[in-house]
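Marked as domain 'G-protein coupled receptors family 1 profile' by TrEMBL: 46-295. Per TrEMBL, transmembrane segment is recorded for 32-54, 66-91, 97-121, 210-231, 243-266, 278-297.
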Amino acid sequence: TQFEGMPGRNCTQPTEFILVEFTGNPETQVTLFLMFLLTYLVTILGNLGMIALIRASPLLHSPMYYFLGNLAFVDFCSSTVITPRMLVGFLLGKKGIPYAGCMAQVFTFDLFGLAECFLLATMAYDRYVAVCHPLLYALVMSPERCFRLVTGCYLLGLANGVGQTIGMSSLLFCGSSVIDLFFCDISLLISLSTSDTTLSCIILRTASSLLGVPSILVVLVSYVAIISTVLSIRSAEGKRKSFSTCASHLTTVSIFYGASIFMYLNPSSDTSRGGEKWAAVIYTVVTPMLNPLIYSLRNQELKDALRKLRKRK
């Protein structure tokens with residue numbers, strides 16, 4: 001949909017944006033609908049099941065699982081922001097999203113996206129203390145400190161969501177209102193705007209450099225120290241046990257950051273847009289589904305807790 005007028009007072013703000021999903025082929029749309037519906041159902045069951053198991057089992061009342069429970073909550077929320085709207089588009093053929101709905105999507109997605117970045121960094125720090133300073137673990141990762149760390153993750157995510165929404169609210173869209181993605185992404189909205197995007201670009205770059213980069217550095221520094229400590233252990237069994245506590249988290253981090261880096265740092269071109277869309281699918285839809293599966297399949301404590309809970313019932 002096109003909107004007439006030039007940037008300024010004569011510009012009419014669009015009432016909705018058009019989201020371009022994957023294909024107009026009806027048969028392919030049915031296949032994609034079923035695939036994404038199954039993915040979303042597994043995401044809901046996996047993450048809510050993870051939260052319920054951690055709360056119900058005394059064996060899992062430790063800092064690592066406290067962080068994991070919050071990660072499951074963030075994954076559930078971030079997936080719910082994106083996937084149901086996409087399923088409605090496949091089912092009913094509605095590609096439009098109201099302007100207010102787009103702003104709400106930007107706010108919630110950026111809130112939970114950055115919160116997940118810092119939760120992953122916090123979990124990396126938790127594993128660093130457990131492997132490199134095990135005697136100080138109970139003191140360093142006290143319940144009070146864990147609560148403050150998680151609260152800080154949500155507050156930083158909230159600041160990011162508010163900042164990006166403020167930046168979007170100042171944009172005018174007098175040209176095309178077609179977003180070449182299946183959700184409202186702030187970087188694409190900035191590129192569509194016909195007004196001065198200086199404020200939005202400053203907010204986006206500041207959030208990326210001051211909030212996103214430190215979380216990645218915490219993960220990298222933590223794992224450099226962890227690997228150094230594990231390699232200094234003489235026994236092969238000791239190395240295996242030490243690194244096994246980090247394997248699930250390292251897998252989750254690799255998938256999350258790998259998809260996000262490809263999505264946001266890969267130079268855009270007509271030939272790469274399809275790849276970016278599928279990277280966005282991994283980042284927004286697949287990763288929230290995989291996280292509880294990765295931990296439940298690789299973590300023996302979770303398996304034992306689930307087994308004992310079944311016996312008790």
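Here the Cβ of each residue, glycine as well, is placed from N, Cα and C on the backbone.
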Long-range neighbours of the transmembrane segment (210-231), counting only residues six or more past its ends (CB under 8 A): 114, 117-118, 120-121, 124-125, 127-128, 131-132, 156, 159-160, 239, 242-243, 246, 250, 253, 257
Long-range neighbours of the transmembrane segment (243-266), counting only residues six or more past its ends (CB under 8 A): 64, 116, 120, 123-124, 127, 130-131, 187, 216, 219, 223, 226, 230, 272, 275-276, 279-280, 282-283, 286-287, 290-291, 294-295, 298-299
Selected stretch (most C-beta pairs under 8 A with the transmembrane segment (97-121)) from 32-54, 66-91, 278-297: 66-91
Tertiary contacts of the transmembrane segment (32-54) (same chain, 6+ residues out, Cβ under 8 Å): 21-23, 60-61, 65-66, 68-69, 72-73, 75-76, 79, 83-84, 86-87, 90-91, 285-286, 288-289, 291-293, 295-296, 302, 305-306, 309
Contact set, same chain, for the transmembrane segment (66-91): CB under 8 Å, 6 or more residues outside the stretch: 19, 21, 29-30, 32-33, 36-37, 39-40, 43-44, 46-48, 50-51, 54-55, 97, 101, 105, 108-109, 112-113, 115-116, 119-120, 122-123, 126, 146, 149-150, 153, 182-183, 284-285, 287-289, 291-292, 295
Taken over the domain 'G-protein coupled receptors family 1 profile' (46-295), the model's mean pLDDT: 86
